[in-house]
Amino acid sequence: MDDLVRLADAIETAETAVAVTGAGISAPSGVPTFRGDDGVWDRFDEGQFSYGRFRRDPEGFWADRVDLQRELFDGEYAPNAAHEALAELGRDGHLDAILTQNTDGLHGDAAESVLDRPTDESGGDEPPIVELHGNARRVRCADCGKRIAAEPIFDRAADGNLPPTCDCGGTYRPDVVLFGEQLPGAVIQRARSLARESDVFLAIGSSLVVEPAASLPRLAASSGATLGIVNLEPTPCDGVADVIRRDDVVEVLPELRSLVEAP
Ligand code: APR
């Protein structure tokens, strides 16, 4: 039986189906990936954006962060067919959670467009989107914790207001997990319990080299889940996958979606 048909059947009969996604699912939307051909980390050094540097040298951190934000999120970008296929699987009750390493907010946009209403009014009929690494569309004050939209703050920083500060006098920081920082414990616990509970686990567009995402597929597989990996390049979890598709997410996910019978 064709691999994808097998995966679709497993999704149809699953109690719990979970997806973890990485930069590769947003690449077709024009958001650059971090590794692989022409990855962001070939042009920037991760260390420039570490938590330690933010504390030691907030001005230099912000000067570099403005360049990175422009590199990652330059111009308009929108969800692509892969984001929408996952959102449709969620809307139809076939996907119970999306754990994303991406900070671009595109899964939320896709959920809104598929549900055609703001997800905060959805009443829960779309899968929870767990932003493992936060969301780059927000900044938060490192002192008082206030969260606001990132764009005007990045505009201020680009105009030389370095580092941008909150009304309380604290320094703003991107509302993302910085290198050298732990993810919130509750987020890691939730991701791990979803992986353990899943009957089907999909790893989509990720090199699966950064924890905690890197361990989730193996955790799911060792708990008995059917593991499907969609990624252009090999990953360290390929050895425990039931289905591997080394193809473009915008080809595979709509095909997978179409094979899963709508209820
Ligand atoms: N279809 C399928 N796979 C793709 C596509 C595509 N259209 N485009 C790229 N890929 C694959 C690449 O082959 C690569 O293996 O997506 C993967 C993206 O891997 P990374 O760039 O390493 O991104 P990710 O796995 O999300 O990185 C995890 O690392 O730097 C940190 O915080 C950053 O969240 C990020 C984390």
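Positions of Cβ are set from backbone N, Cα and C atoms, glycine also.
Note that TrEMBL annotation is computational and uncurated.
For HIS133 (active site, proton acceptor), the number of other Cβ atoms no farther than 10 Å from its own Cβ, over all displayed protein chains, is 19. Residues or ranges marked as active site, proton acceptor in TrEMBL: HIS133.
Per TrEMBL, the feature Zn(2+) binding site maps to CYS141, CYS144, CYS166, CYS168. According to DSSP, CYS144 (Zn(2+) binding site) sits in a coil region rather than a helix or strand.
Sequence annotations record features per position, and here TrEMBL assigns domain 'Deacetylase sirtuin-type' to 1-263.
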Determine which residues of the same chain, besides CYS141, CYS144, CYS166, CYS168, have their CB within 8 A of the center of the CB atoms at the recorded Zn(2+) site, and list them by sequence. ALA142, ASP143, GLY145, LYS146, THR165, ASP167, GLY169, GLY170, TYR172
Cβ distance under 8 Å to CYS168 (Zn(2+) binding site), same chain, sequence separation 6 or more: which residues? CYS141, ASP143, CYS144, LYS146
In whole Å, how far does the CA atom of CYS166 (Zn(2+) binding site) lie from that of HIS133 (active site, proton acceptor)? 22
Of HIS133, CYS141, CYS166, CYS168, which recorded positions come close to ligand 1, meaning Cβ under 6 Å from one of its atoms? HIS133
